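*Asks:* Encoded as structure tokens, here's the structure I'll be asking about.
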Amino acid sequence: VIKCKAAVAWEAGKPLSLEEVEVAPPKAHEVRIKIVATAVCHTDAYTLSGADPEGCFPVILGHEGAGIVESVGEGVTKVKPGDTVIPLYIPQCGECKFCKNPKTNLCQKIRITQGKGLMPDGTSRFTCKGKQIYHFMGTSTFSEYTVVADISVAKIDAAAPLDKVCLLGCGISTGYGAAVNTAKVEPGSTCAVFGLGGVGLAVIMGCKIAGASRIIGIDLNKDKYAKAKEFGATECISPQDFKKPIQEVLVEMTDGGVDYSFECIGNVGVMRAALEACHKGWGVSVIVGVAAAGQEISTRPFQLVTGRTWKGTAFGGWKSVDNVPKLVTDYMSKKIKVDEFVTHTLTFDKINEAFELMHAGK
């Protein structure tokens, strides 16, 4: 058993608490990882808020991390102690019908136990003050050591800077993949990206790499425009600057609508606007943002009858074990940006400050 520091969420709506936790050794087909760097994501904040129906407490949150394998359980063959890895919230077992289908990356092998905050055998590897602590998204990166299933880990280039590539565990991969895998943006196309946070910037990067000629960023926070342009946005607009709905503005600006649109916020009203901003006959809108539980999307069916397509994406459609190492390689060879996404680097004990900065849009 390893004793180490972890940020524990004891209950919903309260700040994280830095505690000493005990991390049990890995069982069969499990891997214990020393987490070197972790990022914070709105998904962590959503669960912490208490709005997530799958949220269970007390829990160690975090799902964008990178580290070094400390030890492995029986039967683990893909990684060994000392390997540099990224934990994966969408695993890849290679055996379920989802893994065998090239159309999806949604491996279901450990979905049920992961959703309950437990390891595949139905137990937890974390204890604190004599209490069992739940796992989160199969990763729990807000701990100096964590235990994950062996299908939930990608071995990456040992030379990669972990304080950067941890972002490939969720946000950057999600946005970039939404453009290149899910939408399959084509050269010369016009794109609209709603929400210019980390995921939106990654979508812009993907659209640019795919050869889009016009990329319109949409956000209420104008402080985000300069960064969006750095990533490839050709122009940025705020819905507050117009009297008419933003979809009408975009249709006028683009001679009938955009070829591809992306919703990177998780707001069902914006999802509708993103679809309706698409061009008749061929426009494709991708939902990237995660809306709160119980919310529903709506539009007039005629929008779809007249040739628009509404799609969704999880982790950018990447088959995780296969593709995360390739994304790291693409970063190392400067094909994709990662460093530019990092705004602040804080010590682990300042984790609540990191959440405050995120909520402030900074």
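Counting begins at 1 with the first residue displayed.
Backbone N, Cα and C atoms are what each Cβ position is placed from, and that goes for glycine too.
What you see is a predicted model, and the numbers here were worked out from it, not measured in a lab.
Pasting the feature list from TrEMBL:
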- 28-156: domain 'Alcohol dehydrogenase-like N-terminal' (DOMAIN)
- 198-326: domain 'Alcohol dehydrogenase-like C-terminal' (DOMAIN)
*Asks:* DSSP-wise, what's the residue breakdown of the domain 'Alcohol dehydrogenase-like C-terminal' (198-326) into helix, strand and coil?
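*Replies:* Split by secondary structure, the domain 'Alcohol dehydrogenase-like C-terminal' (198-326) comes out as 57 helix, 22 strand, 50 coil.
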*Asks:* Can you tell me how the residues of the domain 'Alcohol dehydrogenase-like N-terminal' (28-156) break down into helix, strand and coil by DSSP?
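*Replies:* Helix, strand, coil within the domain 'Alcohol dehydrogenase-like N-terminal' (28-156): 20 helix, 41 strand, 68 coil.
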*Asks:* Give the mean pLDDT for the domain 'Alcohol dehydrogenase-like C-terminal' (198-326) on the 0 to 100 scale.
*Replies:* 97
